[in-house]
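According to TrEMBL, the protein carries these features:
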type	residues	note
SIGNAL	1-19	signal peptide
DOMAIN	29-134	domain 'Epoxide hydrolase N-terminal'
ACT_SITE	Asp203	active site, nucleophile
ACT_SITE	Tyr337	active site, proton donor
Amino acid sequence: MAQVLLAILIASLLAVAHSSIPSACFNLQPFYIELSSKVPPMLQKIQETRVPNKGEYLDVGRTAGIDLQTLEQLRNQWLHEFNWETEQAYLNMFKHFTAEIEGLTIHFIHEKSGYPDAIPLILNHGWPGSFLEFLPIAKNLTERTNASNGRAVSYDVIIPSIPGFGFSSMPPANWTTVDTARIYSILMTKVLGYDTFAVHGTDWGSSISYILYDAYNATARAAHFSFLPLFALTPSQLLDINITLDTDLERFEGERYVEWSNTGEGFFAEQSTKPNTLGFALQDHPMGQLAWIGEKLIDWSDPRAGTAPSVLTTNEILRSVSLYYLTGTFTSSLYIYHQNPHGFGTEYIKARTDAPMLFSAFKYNVAFWPQKLVAKVGNLVYYRNHDFGGHFSGVDNPPALLQDLREIGAYFK
Ligand SMILES: *[C@@H]1O[C@H](CO)[C@@H](O)[C@H](O)[C@H]1NC(C)=O
Ligand SMILES: *[C@@H]1O[C@H](CO)[C@@H](O)[C@H](O)[C@H]1NC(C)=O
Ligand SMILES: *[C@@H]1O[C@H](CO)[C@@H](O)[C@H](O)[C@H]1NC(C)=O
Ligand SMILES: *[C@@H]1O[C@H](CO)[C@@H](O)[C@H](O)[C@H]1NC(C)=O
Ligand SMILES: *[C@@H]1O[C@H](CO)[C@@H](O)[C@H](O)[C@H]1NC(C)=O
């Protein structure tokens, strides 16, 4: 009898210990980036790559893809100026961790504000993005400032790498953004112990964030988007539902979306249908990855990229491509397209939540959602349209994204 009681006592003590140290079963570990040994062979390949000679290609500028002059300039910079050691030292100044969730290793940055009322905020990147996209604002978000209504606001910032990207493990074949949302919910509530949190998403990250906003409405208590997991509408489709584009900026954005749909979406079909062919072709080809990824980073951004307030410099492009190449995740990052054939929807219906939603549009983003359209899918409380920046707003216009994210603090309950 006494033994049984003792066993029960021990079991319940263990249970208590377990819930008060929730991360114990997730193997939460600090993480440091160490890819230095892979850099010399990468540079060797960059050096040896033969690009087309004159007479082997048509010099038509950017109309048929990335132009060769840009590619060659980037190569020179990669070989002679870019320094991975400097980048790595900088990246390791952030607090990285890994945790095991449902058999996957999930890498994430976790920067805490130190204020007891800080709002936990998870920032979700897409393709060809990565956790790098949010570094220009990661520490700033932890600082205490005021939202426009005067409420004090600071954040605990969580930036995970999507399964298949960066230092997170590759997901199984049947993995979808619904699964990623579920394990991110576990990351926020069980691994890190937050009761409620806010989400931000762009590109595929907007799919993950929207699922959290819609299906985890007790814990995901605010959402900010700079993209939606829904196909945007052309100006004429918008007219059909009585939404007009009223300013020069909006008309520009509407036309840019039409243009991008016609000339910029080939990659989407290829990555959705034949990711392995593309992956095997470029997995061990840094210059090939630079051409494929670099074209998107350039074309989807503001043409003023690299000049203030943009920090999307050529060095940033090389850092992004280096991360894909050195982590060997080019192929695995493509699967998100293959695994989510319906990841971008067409039905604009309201999320099942009363939590506030905020949205930021950027002039050179590849798709545009006017305010009235965004309002159909959530409890829209804040909408801004910026005339500078593009698809990667964390690097393309960090001050604007920072300011808009701080507005979550005006509404978060
Ligand atoms: C925030 O607002 C409070 C009260 O209105 C003010 O005292 C404080 O200086 C403001 N802080 C910042 C960083 O603006
Ligand atoms: C998905 O794949 C994993 C591992 O390959 C397997 O354990 C799991 O049962 C599969 N899930 C579904 C819904 O098919
Ligand atoms: C658009 O407005 C017209 C005229 O007011 C109205 O007849 C039509 O039903 C509206 N269409 C939609 C989709 O709201
Ligand atoms: C949260 O989602 C559940 C299930 O979809 C729904 O029944 C409930 O009304 C939602 N809560 C709010 C506040 O919308
Ligand atoms: C973020 O903080 C750094 C360091 O204080 C500062 O240099 C930078 O301008 C800030 N970024 C933004 C977007 O405000």
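Backbone N, Cα and C define each Cβ position, glycine as well.
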Asp203 (active site, nucleophile) to the residue listed as 'active site, proton donor' - Cα separation in whole Å: 11
Reduced DSSP assignment, Asp203 (active site, nucleophile): coil
Cβ neighbour count (within 10 Å, all chains shown) around the residue listed as 'active site, proton donor': 20
Secondary structure content of the domain 'Epoxide hydrolase N-terminal' (29-134), with strand meaning DSSP E or B: 38 helix, 23 strand, 45 coil
Mean per-residue pLDDT computed across the domain 'Epoxide hydrolase N-terminal' (29-134): 97
